[in-house]
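As written in TrEMBL, here are the features:
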REPEAT    31-64  repeat 'TPR'
REPEAT    169-202  repeat 'TPR'
REPEAT    382-415  repeat 'TPR'
REPEAT    487-520  repeat 'TPR'
REPEAT    521-554  repeat 'TPR'
REPEAT    659-692  repeat 'TPR'
REPEAT    693-726  repeat 'TPR'
REPEAT    761-794  repeat 'TPR'
Amino acid sequence: MKHGIHFFDRSVFTTAIQDFTAVIKEDPMNAQARLYRGRAYAKQQQYRNAIEDLSAALHLDPFCWLAFYYRGCILRHVDPKRALQDFSVSVLINDTQENFYSFLHRGVIYAEQCQWSFAICDFESVLALDRSVIFAYLSIGLIMLLHLDQYYKAIQLFTDAIEVDPLNVRAYICRAQAYHKIHNLQDAVRDINRAIHLYPNKSQLNILRGKYLMEMKKYELSSLCIHQVAEIDEESFKSQPVQRALIQSFCQNHNKAIECICEVIAIQPEPSMYVLLGKIQMKAKKTKDAMESFKYATKLLMASGRTLPNTFEAAEMHYLIGLCYMEQVNLLKACDAFSVAIRLHSSYPDAFYQRGLCRMQLGQDKCIHDFNQTLALCPSHFQAYMSRAVYYGSKGRYSKAILNCNEALKIDPNSVRAYFYRGTLKYQNKTYKVAIEDLSKTIDLNKSCILAYYNRAVSYNQIKDFRKALKDYGILLLLELKKEIVFKVLINRGLLYVELGDYANACEDFKEATLHRPFDSQIFQAIGICYHRINEFEEAVRSFNQVLKLDPLSVDAYVGRGNSYMENGQEPDRKQAQKDFLKALHLNPKCVKGRICLGYNLQALGKFQKAWNQFTIAIDIDPKCHAAYDGRASVCLQMGETFAAFQDTNAALKLTTTAALLTNRGVINQFMGYLSCAMRDYQNAISVDPDYALAYFNAGNIYFCNRQFSQALGYYSKALQLEPRNESAVMNRAITNTLLKNIEEAKEDFEKAVSLCPFSAAVYFNRANLHYGLKQYELAEKDISTALSIQPNDALMYKFRADIRAKLGFRKEAIDDYKQAISIQEQINSI
């Protein structure tokens, strides 16, 4: 017996079997000899003899746990049920560290039978007996990772395995896969790098690292990994041409990849190889060749029968043929190919999806049924949700489209496309603030998303947040844009500046836009209007001239140019303006704007009746044109028809209520002597538009006339706050301050009035009054002399200077001024 055990321990199993056989012949009841011989038979793969000996040993010694263990090991693959029984009896007899392998093997069998909880219990029992068994950690971790979706527990188990054996490559690979499941790609790459450090020539590890780097959007590093595999490990792939083809295809070496597959097909012309060849040809943009490969694959598949089998393999071939037809924009044939794929394999979500895309491009509403079926088969199909959103969006069903974007974002929470499209849908749904939130998220995810900036700027414009809209347009112009987008941005920003009243900047944007569209008359029209608004009338005329060169029949250009001529205020310019207005009316006799402008032109030329006629015609053409009523009212007022002016202004106010119209009616009421009504109109004008300076000024004048100087001062100050260069308001406030004894303030206002109107005799006359009241006679004499130099035939000013000179003791000069005042007054009286 000892002789046999000696040879058994040294793996000389033939001699050991002979020795144990001799012992059994002498002592047939020797259970130990049966056990050892059974083990020796197992080592020599004589499993039948081994099982007989182990069974005999158990018959002789029913408590021999080793016999149960070894018999279980032999039966593990051929009879798992009996093997489980043997391992269970073995651990029942001996559950100590000595027999932990029984727990281990039983756990493996349970795992193979998908009894995950039992398997985990056995592996945990192994770890309870021996904490250094790496296999047990890895087994539990893989069950958690692959079958129970408990990724964090799996990571902990793989970490425990690494702590036991820091050089275990499998543990690093498994933990990397677990990190990948929880989207912790950085740690996944770190573990793969450690595995590569331990096994640098393992090409599959480099491929896996490349995959993870690609998901991290580090495309250059990912590509480098795959290229390294293709170059460094090329020799090892000679025996694996398919793998080599896939690597070359990834590296964009499509011709080499095709050569590799062709080598395989020459030896092994199977349908699957033709399918792989077709896929590589599709990547190489050889769509026609790819289609031929897929069609040949279907012929090979039909070789054994007249029809295609209802298998996924056959369905995939037609699906790929459909993709080729789509690439060739042959949508009807593509749709038919996808339908065949669905008939062969009814649970093919991608085939339903692609057929839905074809039908949507063909304008067929039943595409929605395909998208619905796709999602029924694969609820996590991101593209199906997005396509369904596009369909509903195209039908104007924005709320339903937004719901589909929400579902897509549950699948991919960082999808730039989903956030962007949901933002545009919310814009279409007129929920601008939430649209801005989605577009901002899009920009956070992709700082160079041009359309997101553009749409966000438009949304900011809608909610009147002009500063942020201008900022987004500015950012867009710093990016590299297509000319068409640059043009749209410039036009939009120019229109935004117009809305803000910043015509100078608007003009600059429109001028730059002309570089992209030099023959667009509308842009030059906008430039002309901007120049007109910033009082550069000559430039405005040039812009309108350019419009008329491009479009000689442009009514708006004639009207715009006429208005620009009118602003110059000279008689020849007014005549030229009249010609332009008449040309506009010749082209379009019903042009209300042209009629109104012609009316104002005739009014400026003193032809009040003709002006009245033009405004009346404009009212006949458009009875709801308040500007025509307002224009006719101004003519009536000049003609002395105050009540008619009052009626026209009331008619305009029935159509629209503006601060300007209310102020105009206030002026008419003031002419008619109804000061309380005038004041009410001015106050109403202020309530309609708190920034309308003229209403404050006119209200201040009424307070001044009523000698309510404190109130007048407040209104004049408000008018000047809104319109600092209003010389009339400055002078009136200066006079008011004089009457209120606010001497320093009055002096400041007169100084400002002089700077604004250096040739106004009234300013110097009123300042002379101030100096006279302060007994500053020299300054008063200087100011009144200046006033007389500007307005020499004013008897009152001569009389006032005579009074001042008398105070200064200039008797002779004073007498001369009195005489001059009398002479002028006599001349006036004689007339």
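Using the three backbone atoms N, Cα and C, a Cβ is placed for every residue, glycine included.
Among residues of the same chain six or more beyond the repeat 'TPR' (693-726), those with a C-beta under 8 A of the stretch's C-beta atoms are 659-660, 662-663, 666-667, 670, 675, 678-679, 682-683, 685-686, 732-733, 735-737, 739-740, 742, 756. Residue counts for the repeat 'TPR' (382-415) under DSSP (helix as H, G, I; strand as E, B; rest coil) come to 27 helix, 0 strand, 7 coil. For the repeat 'TPR' (521-554), same-chain residues at least 6 beyond its ends with a Cβ under 8 Å from one of its own Cβ atoms are 491, 494, 498, 503-504, 506-507, 510-511, 513-514, 560-561, 563-565, 567-568, 587. Looking only at the repeat 'TPR' (761-794), the predicted model's pLDDT averages out at 89. In terms of DSSP helix, strand and coil, the repeat 'TPR' (521-554) has 27 helix, 0 strand, 7 coil.
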